[in-house]
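Annotated features, as they stand in TrEMBL:
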type     : residues : note
COMPBIAS : 175-204  : compositional bias 'Basic and acidic residues'
COMPBIAS : 227-243  : compositional bias 'Basic and acidic residues'
COMPBIAS : 267-285  : compositional bias 'Basic and acidic residues'
COMPBIAS : 408-430  : compositional bias 'Basic and acidic residues'
DOMAIN   : 128-146  : domain 'U2A'/phosphoprotein 32 family A C-terminal'
REGION   : 175-250  : region 'Disordered'
REGION   : 267-290  : region 'Disordered'
REGION   : 390-430  : region 'Disordered'
Amino acid sequence: MVLITEDMVRRRAEHNNCEILSLEEVSLHQQDIEKIEHIDKWCRDLKILYLQNNLIPRIENVYRLKKLEYLNLALNNVELIENLEGCESLQKLDLTVNFVGRLSSVESLKNNLHLRELFLVGNPCTEFEGYRQYVVASLPQLKYLDGKEIGRSERIRARQGLDEVRRRIRQQEQDYLQKRASEKEEAQREGGEVQRGPKRESRSSVKAKNPGFDGRWYTDINNTIPVHEENKEIQGREEKEKTSCLSSEDQEREFWEKPCAYTPESRLETHRHLDEKKKAKERKAVKTPKAPRTLITPHGRVMNVNEPKLDFNLTEDGDNNTIVLDLEVYRHMDTSLMDVDVQPTYARVTVKGKIFQLVLPAEVRPDSSTAKRSQITGHLVLTMPKAQGEIKMTTPHPPKVSQSSNTPEEKTRKGNNRQRLEVDPSKHSGVDLANIVPRENRAGEQTIFYDNFVDDPDVPPLM
């Protein structure tokens with residue numbers, strides 16, 4: 001049952017800054033409201049009230065709205081015009097397509113002196129003989145009835161023979177009320193059968209499933225029901241069982257094809273059927289959230305997960321002592337949609353909310369790991385150094401260098417080792433002062449000779 005709430009009214013009062021005390025117009029149509037309440041207390045200054053296309057059965061709780069000028073209650077379940085005497089400023093009342101069958105209830109609007117328009121189209125009372133003449137004569141302040149203007153001549157003719165018209169209206173009302181009472185009883189009976197549902201058979205009836213040769217139940221000696229009536233009951237139960245076994249589509253078709261009278265009960269039943277169907281559809285539309293995938297078990301075991309369903313390649317580089325993971329990520333995916341987490345025993349990559357997790361064959365160093373993405377293929381490459389082991393450096397053989405080459409590396413190596421070279425004395429171009437020795441001549445004088453000295457005759461001797 002949908003009721004009018006303060007939040008509902010405030011949401012409909014956006015044009016008035018959600019203030020309801022000074023609200024002059026509010027629209028509460030198509031809200032499945034089943035009762036009018038609180039409006040006369042919250043919105044005392046209300047002038048226009050829209051309540052069409054709801055499930056309101058009675059006009060109530062509006063007598064405090066002294067400034068109300070227009071009340072729209074079209075497409076509801078109203079059966080009686082009442083409780084509008086306090087609406088002193090009421091000028092227009094719309095009761096289109098309701099169930100007003102007691103036409104004499106329009107006389108309760110005599111005190112609404114400002115009432116100018118009244119709509120009763122689609123109500124059972126409009127089918128009464130003398131309907132328009134009776135309403136025009138009963139409400140002299142009206143100017144329009146069902147959208148048609150009331151002229152002076154029509155008003156004069158309506159007053160003539162009013163007593164006879166009133167008598168016929170009373171008689172038609174009684175007939176309608178009797179018909180309406182039977183419709184209510186039938187609706188209550190059908191509703192009770194639906195609520196009770198199929199009765200379960202007692203244990204005795206299960207034992208005595210079939211009658212004897214004389215058509216009587218052996219378990220009941222006082223049973224005097226004829227055989228054909230018992231067969232009818234059996235057939236009726238079988239038909240009910242078949243009906244209960246129908247598919248949902250057959251039940252839906254049966255519901256809409258079943259003939260029924262247009263009454264407030266049938267309209268309410270139709271609305272509830274549509275509401276249940278809508279809720280069932282919403283329940284199907286709402287997807288149950290999936291249970292979170294187990295990445296690490298309570299015992300600490302790391303699981304391999306590949307939610308994005310990406311191809312990958314895991315290799316070990318023995319020369320560099322690293323583990324390389326090549327994950328074939330989509331080429332055109334933005335790198336901001338990826339998140340990499342490297343742990344000592346596993347690597348986890350989140351690709352657009354989906355987790356890729358892989359257990360590593362050896363322990364790695366997360367702080368030294370690197371993640372790079374190829375600009376050509378889009379692949380994500382993780383290089384993870386191992387925590388244990390040595391890096392094997394294999395260098396190729398150095399090229400042969402000729403004897404005449406003298407590279408800086410060789411110079412450095414020679415300088416460090418302090419290697420000495422043997423030089424051929426014959427190749428020395430300068431004078432070797434270390435080999436100078438004194439010699440004596442014939443006269444007893446000492447003369448200094450130089451090794452490898454050649455006397456030049458053109459040079460005069462020293463004096």
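First residue shown is number 1, and so on along the chain.
Just so you know, glycine gets a Cβ as well, placed from its N, Cα and C.
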Chain residues outside the compositional bias 'Basic and acidic residues' (267-285) and at least six past its termini with a C-beta under 8 angstroms from it: 32, 55, 77, 252, 255
Average pLDDT across the domain 'U2A'/phosphoprotein 32 family A C-terminal' (128-146), rounded to a whole number: 94
Number of helical, extended and coil residues in the domain 'U2A'/phosphoprotein 32 family A C-terminal' (128-146), per DSSP: 8 helix, 2 strand, 9 coil
Residue distribution over DSSP helix, strand and coil in the compositional bias 'Basic and acidic residues' (267-285): 19 helix, 0 strand, 0 coil
